[in-house]
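One structure is given below, encoded as structure tokens.
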Amino acid sequence: MHRPDLAIAAHDGQALPTDTCPADSPLAVRGLTVSYGEKPAVFSVDATFPARAMSAIIGPNGAGKSTFLKAALGVVPRLSGEVRVFGTPIEKARDRIAYVPQRASVDWDFPATVLDVVQMGLYRRVGLLGRMSGRMRALALDCLGRVGMADFAHRQIGQLSGGQQQRVFLARALAQDADLYLLDEPFAGVDAATERAIIDVLKGLRDAGKSVVAVHHDLSTVRGYFDHAFLINVRRMAEGPVETAFTAETLHATYGGRLATTQIDEVMLSGGAA
Amino acid sequence: MGAEFVQFSLTPILIGMFAAIACALPGNFLILRRQALIGDAISHVVLPGIVVAFLLTGTVAAIPMMIGAAAAAIVAVILIEAVRRLGRIEPGAAMGVVFTTLFAAGVLLLEQSDTSAVHLDVEHALMGNLESLIWLRATGWESLLDPAALAALPPELGRMAVVCALIVALTAIFWRWLKIATFDEGFAQALGIPAAGLGFGLVVTAAIAAVAAFDAVGSIIVIAMFICPPAAARLMTNRLEVQVLWSVAFAALSAVLGYVLAGYGPLWFGAANAVSAAGMIATVSGVILGLACLYAPHRARIGAAREDA
Ligand SMILES: Nc1ncnc2c1ncn2[C@@H]1O[C@H](COP(=O)(O)OP(=O)(O)OP(=O)(O)O)[C@@H](O)[C@H]1O
Ligand SMILES: [Mg+2]
């Protein structure tokens with residue numbers, strides 16, 4: 001799907017015109033390097049995500065996709081580089097960002113109900129000591145309704161299927177009422193119906209003027225779901241509108257030998273139909 | 001229950017309750033963070049602390065002992081952080097290395113020093129001396145209003161009450177941070193919650209509880225109370241708020257029931273002497289956990305296979 005009205009549609013995927021972060025981008029990084037040990041997980045990466053668009057972060061396992069998101073959020077410290085969220089440092093933009101971590105990163109046996117988890121998304125508005133008012137509760141319930149989980153509000157989170165857990169995480173992000181949504185593999189391990197429900201919510205956000213950036217593994221749906229693609233394997237491999245950045249060549253470069261040429265051809269053919 | 005109860009049972013029971021609650025509250029979060037053994041570890045670290053304090057001051061007074069224990073706990077926390085960062089090993093292993101080393105250092109110090117005096121103190125460190133924390137000046141319930149009698153309360157009562165109140169207050173104030181960061185640390189950091197500092201503060205709070213409690217009731221209770229009441233409480237409910245309330249109830253119940261059983265239980269069975277109150281309190285908390293494992297409403301969750309695993 002092509003959206004000609006993207007705010008920053010001009011990048012051709014290779015050269016970036018500026019070496020400072022543009023202020024009109026919801027998320028831009030320059031020279032981002034993150035390392036857990038000797039070897040960097042993300043090395044000298046530049047990226048500029050467009051406003052009011054759906055962007056995909058694509059790359060093989062261990063490519064540094066989650067690390068990239070966490071560094072952008074200040075969850076892991078960066079070794080060097082600059083991160084700008086709506087043109088400001090992340091600390092000043094926390095109210096405008098919603099984050100959905102990888103589902104497997106938390107312990108779902110934690111003693112909490114679905115509503116408890118969604119209310120965590122209201123933290124920035126309620127504060128450390130503020131009271132969770134009836135209005136806030138209603139807001140959380142409304143977010144659950146938007147992902148089709150209203151009936152599960154009082155269920156313990158461990159008693160949900162993987163797809164339902166993913167929806168609860170999405171509802172928590174909706175409760176944050178942000179302008180930029182960062183999602184780490186929102187479609188991991190969900191069935192077709194849930195994937196449909198999630199993509200509808202995300203596209204609804206975009207159509208309401210929000211920006212969505214999601215780590216995405218299913219190459220066959222990239223063209224159907226996303227406007228902008230960012231390919232990473234430790235370094236930035238390609239970036240730009242899906243039509244120009246998401247190609248057989250860039251996939252070869254990003255996945256190396258991990259994808260056979262026939263698989264890539266399949267992706268390129270199936271993409272148009274989605 | 002009159003004068004005799006107030007004189008001989010009231011203060012030890014209260015001290016036991018405050019100690020149990022002070023340890024059980026942080027224990028809830030330590031267990032959920034898979035750091036349950038940190039309570040055990042802290043009480044090991046306390047040993048070299050009190051030995052050094054004894055060697056330096058030559059007395060077994062409470063204040064130098066507590067300062068020594070607290071210093072040892074702080075040294076341990078710093079060492080763990082250093083080993084974890086420099087050695088790049090996981091926190092559990094770093095803890096294991098540091099605590100074992102410090103405990104061994106404590107034993108070594110003990111052997112090198114005048115054992116006749118310190119020996120008594122190691123037993124004290126393990127079992128405490130709850131039975132001796134009585135209120136001799138009391139003449140009955142009316143003593144609660146008598147300033148002269150109140151002045152003669154065992155100092156451990158005041159100390160433990162203050163520490164318990166502090167921990168209750170900290171848990172209440174930082175409740176939302178603790179809940180969010182314990183469930184999803186990355187999300188908490190993305191919200192701007194200082195999760196690393198919070199985790200450190202939790203360990204320091206646990207150390208304060210452990211050090212204060214060890215002086216009055218010994219490390220056996222400390223270890224038991226960090227784990228047993230919160231673990232039993234987890235089996236009673238699926239909500240953190242309710243779990244913490246249950247853990248406080250179980251901690252208090254263990255203290256009361258344990259003290260009473262230790263004092264009167266053996267007599268009921270015809271034995272001549274009472275058994276250690278600290279040991280009995282720890283035992284009761286273990287029995288409560290056992291019963292919870294057998295009968296609690298939500299026992300299936302712990303250790304159950306994850307749906308997506
Ligand atoms: N906390 C950590 N400590 C040490 N190394 C880490 C840590 N987290 C990630 N890494 C390493 O950094 C690299 C990038 O990891 P990251 O999780 O960002 O990859 P990813 O692209 O999200 O992979 P996946 O598709 O499997 O989610 C990997 O080599 C990983 O082993
Ligand atoms: Mg990842």
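Note that Cβ sites are derived from N, Cα and C of the backbone, with glycine treated the same way.
Feature annotation from TrEMBL assigns transmembrane segment to B:6-25 (among others).
The feature transmembrane segment is assigned by TrEMBL to B:37-56 (among others).
Among the features that TrEMBL reports, transmembrane segment is placed at B:62-80 (among others). Residues 41-42, 45-54, 56, 91, 94-95, 98-99, 102, 155-156, 200, 203-204, 207-208, 210-212, 214-215 of the same chain, all 6+ positions outside the transmembrane segment (B:62-80), place their C-beta atoms under 8 angstroms from a C-beta of that stretch.
Sequence annotations record features per position, and here TrEMBL assigns transmembrane segment to B:92-110 (among others).
According to TrEMBL, the transmembrane segment annotation covers B:160-178 (among others).
Long-range neighbours of the transmembrane segment (B:190-214) within the same chain, counting only residues 6 or more positions beyond its ends whose Cβ lies under 8 Å from a Cβ of the stretch, are 19, 22-23, 25-27, 29-30, 33, 35, 38-39, 42-43, 46, 66, 69-70, 73-74, 77, 125, 128, 159-160, 163, 166-167, 170, 174, 177-178, 180-181, 221-222, 225-226. TrEMBL lists B:190-214 (among others) with the feature transmembrane segment.
Remote same-chain residues near the transmembrane segment (B:220-237) are listed as 16, 19-20, 23-24, 26-28, 30-31, 36, 38-40, 42-43, 126-128, 206, 209-210, 213-214, 243-251, 254, 278-279, 281-282, 285-286, 288-289, 291-293, 296-299, 301-302 (criterion: CB distance under 8 Å, separation of at least six residues from the stretch ends). What TrEMBL records for B:220-237 (among others) is transmembrane segment.
Among the features that TrEMBL reports, transmembrane segment is placed at B:244-262 (among others). Same-chain residues lying 6 or more positions outside the transmembrane segment (B:244-262) and placing a CB less than 8 Å from one of its CB atoms are 9, 12-13, 16-17, 19-21, 23-25, 27-28, 130-131, 171, 224-225, 228-230, 232-233, 236-237, 274-277, 279-285, 288.
What TrEMBL lists as transmembrane segment is B:274-296 (among others). Tertiary neighbourhood of the transmembrane segment (B:274-296): same-chain residues 12, 16, 20, 127-128, 130-131, 217-218, 220-221, 223-225, 228-229, 231-233, 235-236, 250-251, 253-255, 257-259, 261-267, selected by CB-CB distance under 8 Å and a gap of 6+ residues from either end.
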Leading contact stretch, B:37-56, B:92-110, B:160-178 vs the transmembrane segment (B:6-25) - CB distance under 8 Å: B:160-178
Tertiary contacts of the transmembrane segment (B:37-56), as residues 6+ beyond its ends and Cβ separation under 8 Å: 23, 27, 30, 64-65, 67-73, 75-76, 92, 95, 98-100, 102-103, 105-107, 109-110, 113, 117-118, 121-122, 125, 203, 206-207, 210-211, 214, 219, 222-223, 225-227
